[in-house]
Structure formats: C-alpha cells, structure tokens
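**Q** Before I ask anything, here is the structure I am working with.
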Amino acid sequence: MSTETATAPTPPAEPVVPAEPAEPVAEVEGADASATALAPLRVVVVSGMSGAGRSTAADNLEDLGWYVVDNLPPSVLPEVCAEARRTGIRQLAVVLDVRTRSFFEQLPTMFSELKQGGTLPEIVYLEASDEVIVRRQESVRRPHPLQGNGRLLDGIHRERDLLATLRAAADLVIDTSSLNVHQLGSRISHAYGGPDHALRVTILSFGFKNGVPLDADMIFDVRFLPNPHWVPELRPQTGLSAPVSAYVLSQAGASPFLASVEDVLRTVASGYLQEGKRFATIGIGCTGGKHRSTAMSEELARRLRADGLPTTVLHRDLGRE
C-alpha cells in the first residue's frame, strides 16, 4: 500500500522590482568629511645655514607628527604641497636646499600661489655664529657646500650673504650658537608642537657681556635693578633659586617693569597673529645672565602663561660664568 505525501503548492515568485538609484550625497560645507578636505595645509620650510641644525630641526618635527621631506628642490614645492593636500596630510615640513639665486626670485610668487591654494607656508631659519659653524664643520670632517677650493670661512660668509633675503622673510629665526640638540628640540617643540591659534612666546635670558641674541624680536634691559652679585650669600646662587628670585622681585622697579612688558606683549599679540606672525622671542638681559635676567624671565613667563600665552624660557648664559 503506497502512501502519497501532499506537497504544498509553491507560490508564484514575486516580480523583482529594480532598486531605485541611490541619491547622490550632497556635500555639506562644515560637515566632518568635507572639513578634512577643506582644512588648510600648514607648511614649514626649514632652511638656514649649513651646520646650524636643519637636520636636527627636521627630526624634531617628524617626532611631533609632521610629514617631513628632506633636501627638496625649491621648484617642486608647489607640486609636493598639492599632493599632500590630496592625500590628507595637514602638516608638512620641507627642508630646502636654497643655495641658488633663482629661488629667491621665485619665493614671493611661489608663496602667494600656495596661500591662494589653501596652503599656509612659513619659514623657520636656523643660523649660528661663524665660530660655531667652523667648529661643527670640523667635527664632522666635511667641507662646507660653498667652500669650493677656498677657505671654510669664505664658504660660510658666501652662504650667509646668499641667505640674507630668506632670513629677512622668515617667520621664526633661531640662533643655535649656544643651543645643544635638546635645547633646539625644545624650541621646535614649543613652536610647532601644538595648535597655532595663539602667539607662542620664547623668553631668553642673557648677559650683555656675552652679546645680544640676534634672534630676539624685543630686548629688555634689567641692569637697572640692584645686582645680587654684590650680596655675598647670593653671589654663588642663580636667579632660579628662591632667595635670589625673592631679592630681585622685591626691588622697587621689578614689578612695574614686569607689568609694562606684560602690557606690551598683550598689545602686540593680536596684531602679530593678524599679520601672520606666530612666534615672538623676548630677550631679557643683565650683565652676565646669572641673576637678574634669569629671575625676571621666569617671573615674566609665569605671568604670560597666566594670561593664556604659551611661553617657554631659555637661559642662554646660565653656567657660562
């Protein structure tokens, strides 16, 4: 006896309705996706004297997250910037070999074109004294690139003359004569390690007997204050010690002076930024750079930080006495 199994009838297949084409996604200005595309490219051109620390500065920028291109011919800078924007790079550092006259003729036009294309170019220029560059060149036992068959000093002077126009156009000049690699790294980190919406201030204490810092935008003289050098118990200490700092800051003219400098910097900060200047180096000098300038620099930095200005302090001549 056979048993038949009933099979339910298969319903007819529903007709396939073609999917409607997806509507194009409108680009909304201000949306996250387009914000990245519209964000300006910040470009730092690292240049300056041979032996002044360009490679060290480039290494520091790379450590800070910048995309670094070394030894780039100046003529291809616009192409590199355009490619960086296409690939989403927002911070580009370029070490240029600019020892050709033609570069200086192209510089104004080149930077103008970059700004029109949404690129924010700025120049950091590194230099050092002839004596220091001679010592550094001799330590690496390499000839100066412009020395040729002549003397090393001739090559240094030729390069300094050639780069004078670029130095004058620089946004930030750093004299590395008295800086070691760690101190230079600190300067670079302070200038380029954070957002660029605020004026970044470097306060540099120094002694006039050792020369005025060439990279300072402003120089202030605190030799009008009594010198702790003539107080026996304070003489061996520095302006970093509490007793010396208290002695210097308690003098009648110290507080009004600091308030005046603070007012000046508040006044110029917004103007500097409007003109595209993001850095200010303030020199505070006394006789030897040990007591008064050191204490006053530290106190001025404390006040500026309280005002919201990113500020770092360097003591150029501390320990040289």
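Using N, Cα and C of the backbone, Cβ positions are placed for all residues, glycine too.
Keep in mind it's a predicted model, so treat the numbers as computed, not measured.
Dumping what TrEMBL says about this protein:
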- G48, M49, S50, G51, A52, G53, R54, S55: ATP binding site (BINDING)
- D97, V98, R99, T100: GTP binding site (BINDING)
- 42-194: domain 'RapZ-like N-terminal' (DOMAIN)
- 200-318: domain 'RapZ C-terminal' (DOMAIN)
- 1-21: region 'Disordered' (REGION)
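Structural setting of the listed features?
**A** In the three-state DSSP scheme, G48 (ATP binding site) falls into the strand class.
According to DSSP, D97 (GTP binding site) sits in a coil region rather than a helix or strand.
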**Q** Run through the domain 'RapZ C-terminal' (200-318) and tell me, per DSSP, how many residues are helix, strand and coil.
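**A** Grouping H, G, I as helix and E, B as strand yields 50 helix, 25 strand, 44 coil.
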**Q** DSSP three-state call for G53 (ATP binding site): helix, strand or coil?
**A** coil
**Q** From the centroid of the CB atoms of G48, M49, S50, G51, A52, G53, R54, S55, the recorded ATP site, which same-chain residues not already listed sit within 8 A by their CB, in sequence order?
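**A** Here the non-site neighbours turn out to be L126, E127, A128, I133, T176.
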**Q** Where G48 (ATP binding site) and D97 (GTP binding site) are concerned, what is their Cα separation in Å, rounded?
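**A** Here the two Cα atoms lie 9 Å apart.
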